[in-house]
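A.B. asks: One structure coming up, written as structure tokens, with questions to follow.
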Amino acid sequence: MTTPTTPKKPRSLSFRTVAQLVALAIADAAISLWVGRQAYLWMPPQASAEAVLVDDLFGFLTTIGSFIFLGVTTALLYSVLFQRADKYDISDGPPVEGNLLVEILWTTIPLGLVIWIATYSYQIYDQMAILGPMEHMNHVPQLGLMPPAEAATLPAVPERTPIEVHVRQWAWEFRYPDQNIVSTELHLPVNERARLKLISEDVLHGFYVPAFRVKQDVIPGSTIDFGFMPIREGRYRLRDSDYSGTYFAANQGVVVVESEEAYQQWLADAAAQPLTEADNRAFREFTKLGDRPISAGWKTVEPAPPPRVNFASSEEDSYE
Amino acid sequence: MSNASLDAIAAKSDQPFPGAPNNWRRFFSFSTDHKVIGIQYMVTAFVFFLIGGLLAMVMRGELITPEADLVDRTVYNALFTMHGTIMLFMWTFPMLNGLSNYLVPLMIGARDMAFPRLNAAAFWLVPVFGTLLMASFFVPGGPSQSGWWAYPPVSLQNPTGNLINGQVLWLLAVALSGVSSIMGAVNFVTTIFRMRAPGMGWFRMPAFCWTVLSAQMIQLFGLPSLTAGAVMLLLDLTAGTSFFDPAKGGDPVLYQHFFWFYSHPAVYVIILPIFGTFSEVFPVYARKPLFGYRFVVVSSVIITVLSAMVWVHHMFASGTPSWMRMLFMFSTMLISVPTGVKVFAWVATVWGGKLRLDTPMLFALGGLVCFLFAGITGVMLGAVPFDIHVNNTYFVVGHFHYVIYGATVMGIYAAIYHWFPKMTGHMYYEGLGKLHFALTFIGVNLNFFPMHPLGLMGMPRRVSSYDPEFAYWNVIASLGGFLLGVSTLPFILNIVSSWVLGKRAPANPWNAIGLEWLIPSPPPVENFEEIPIVVSGPYGYGSNESLVSNNPAGELISEHS
Ligand code: HEM
Ligand SMILES: [Cu+2]
């Protein structure tokens, strides 16, 4: 073939093609916005201010992600359905080697997009301030598709001593220093910033309450200050989120968010209780020998004895 | 070429002889032929793929109900540890090394790798550390149960008190695997730099070779960090040092940095050759040149560079300060740009082509769709506030299985089917191939899609039991898992029967462009009778240009076609 490089293509797209592309893009955007709204339904209840922020971010990411996923797969599907070679056609397609403009566009547009996503995520993280407030370099206006959440203006926090969260293989234990209470259920007053000190007594664990959307590894050898803002009364699941050995999956607990009055009442009641042994699933399973599924008889790290507490709850207790 | 070529010349004159393409015994010998080594890697890896898959199916059996009722918790923990380890170190890496070994010298017009004996030695380490790993099932206390990350302090706990325990064997195996990979990497990088055929400038090299080069450079800069971490952990475990043991003043988070400084880039060691496969397969079956070749190959190199600067995104919820989380969020987002460039380029390659939906093309298209999905969830995970919620949940497990099964394993299948006629000299059965594709694609989505809602709901990964609200999606995932097990059957049947009985393959059954398609199937011992002289770019579909100015097959080609 001696023809000069690429065959001549019409430089300007026809009106029809442009209209079709615009219509497709609008349809894609509409569907994606709808999917982004559904994203809220896939999450646990929004029990903290952080949950509201994270869900907005997730809705935004889902919208953009759906737009790209739908756009690309539709193009591929169209090719697969309508651009097949006939059975005995062994000729080649058009020798299009590239298009500089298109390539520059699909490099710079995603670049802008991820900078947008990262900046918006930065702002959300800054507002969450789960490890304490970050230093602000500058104040960029709020990005994203959703209006800024009210969580930005948190009420001033009355000083209370942080609650100590002790975790070990395999139990959670909460200590309220002011009242000298030990509990295996974490009680928190609603609409007030919870302040915790995370302490691990052996290996890595993770403090994770899905309804709050917050998570933090607990590192042996250091105490981590952690905080978030419960905004909805209820009982929620606490899970160990960093693999901690044999009974990792059983290392769960319950967090109770309640009104200030109920919280004070609970503190008073608990303080009046003597220390008793809490129920502990890991220890229970470990001691219930002979009652095991297929076992190789491998030796395991032994669970610590059940905590002795003023107020006990069990992994089996109900939660939302 | 040195020593290897002497044996090879002798082989050619006297067929069948160990080393001759039609002698199966050579696959069981210490051969220095890169094609033999390539197939040795691939077959070994596939055996471990089946073992790793069986472990996974037992796990899915456990997870089909909320309670821990099928296996003991220690057994479950050993299963996921060994599953992850086997799938990465015994299946994915060796498999891709095998493919690259087979293809790179052919694609660049070389007669072998730069250091054939080193090549063979690197391969033979694989069964050695594979055996070490499998042996750990039989030591007291069982295999390692600390996950494929082996984070201390859990990995230092050693409840048996024995010096020889599962964790020690695991660490030895991983260290050996690192040694083997470094040997391989030196070889690949040298080969690609030094042994390209005359006329094959950098921008005439097939995209697959670019991706192998990029991937192997990562091995060179990353592995020392992993190996150092593994050795320090081994010393903590056996010699009483305290690098990582907080009880003795060590720092467990430091280990995580050592580990992820390699193990994040390692995901690119895995995916880059798959990108390369996509770049080879789409043009052939769409009958169009690779769209934006230069952008595509340069983005591989950019990915290599950026991949060294994002590792902390695996530690967003770990003991990391906020500034570090933010910094690594930005770098993580950045790496999706060169990745996106490739995805768009493949779509543009397919677009407007004359598509042939043979099995390799089906797998490549399926793999691309899965990769797209995984890339989108990957960017989501890069956003710190969202990652804080789903870190260490099934959402992450879903994300990386879409990459590793959806894109990587499907990409590997695409490559196997595409080059099977070249490697074996036989055609595979198209019907079985299509069945294999359908089962795999459905299985992947049934198995791994449900993990995303599970993670969003808050189900942690690595659990041997879970709360009842997670049961629904887990049942679907388990059914998908069993389907994936079944999906390998038509593949095995296809490969074995067509290797033995399949129709003879011509030199170039797909009418593809590339040096490997100019020589007989399977290629003779030293590949090229005459070193090819390359005169044009690698993807001249639709333009009738000749790739070479001589006939690299000499008179061999006439006897086969
Ligand atoms: C668009 C590009 C990608 C981005 C932005 C991305 C982002 C991430 C992030 C942030 C995580 C950590 C999540 C967490 O643990 O909380 C992650 C996990 C992971 N990714 Fe990706 N990813 C991308 C592509 C890939 C590719 C190409 C592969 C593999 C071939 C891969 C394999 C993995 C694996 C194996 C993990 C989990 C490791 C583990 O926890 O065991 N990702 N990804
Ligand atoms: Cu990573």
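From the backbone N, Cα and C atoms, a Cβ is placed for every residue, glycine too.
So TrEMBL says this about it:
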- B:24-535: domain 'Cytochrome oxidase subunit I profile' (DOMAIN)
- B:36-58: transmembrane segment (TRANSMEM)
- B:78-99: transmembrane segment (TRANSMEM)
- B:120-139: transmembrane segment (TRANSMEM)
- B:168-195: transmembrane segment (TRANSMEM)
- B:207-235: transmembrane segment (TRANSMEM)
- B:255-278: transmembrane segment (TRANSMEM)
- B:290-314: transmembrane segment (TRANSMEM)
- B:326-349: transmembrane segment (TRANSMEM)
- B:361-382: transmembrane segment (TRANSMEM)
- B:402-420: transmembrane segment (TRANSMEM)
- B:432-450: transmembrane segment (TRANSMEM)
- B:470-496: transmembrane segment (TRANSMEM)
A.B. asks: Below 8 angstroms Cβ to Cβ, which residues of this chain, lying six or more residues outside the transmembrane segment (B:255-278), approach it?
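C.D. replies: Same-chain contacts beyond the flanks: 88, 92-93, 96, 99-100, 149-152, 206-212, 214-216, 218-219, 221-223, 225-226, 228-229, 232-233, 243-244, 300, 303-304, 307-308, 310-315, 318, 342, 346, 364, 367-368, 371, 400, 403-404, 407-408, 411-412, 414-415, 418.
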A.B. asks: Against which stretches of its own chain does the transmembrane segment (B:470-496) lie, if we need a Cβ under 8 Å and a gap of at least six residues from its ends?
C.D. replies: 50, 53-54, 56-57, 60-61, 63-66, 405, 413, 416, 420, 428-429, 432-433, 435-436, 439-440, 442-448, 450-451, 453-454, 457, 459
A.B. asks: State the non-local partners of the transmembrane segment (B:168-195) in its own chain: residues 6+ outside its ends, Cβ under 8 Å from one of its Cβ atoms.
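C.D. replies: Long-range Cβ neighbours of the transmembrane segment (B:168-195): 81, 85, 89, 93, 97, 100-101, 104-105, 108, 110, 113-115, 118-119, 121-123, 125-126, 128-130, 132-133, 135-136, 139, 143-144, 150, 205, 209, 212-213, 216-217, 219-220, 223, 226-227, 230-231, 233-234, 237-238.
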A.B. asks: Can you check how the pLDDT averages out over the domain 'Cytochrome oxidase subunit I profile' (B:24-535)?
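C.D. replies: Residues in the domain 'Cytochrome oxidase subunit I profile' (B:24-535) carry a mean pLDDT of 94 in this prediction.
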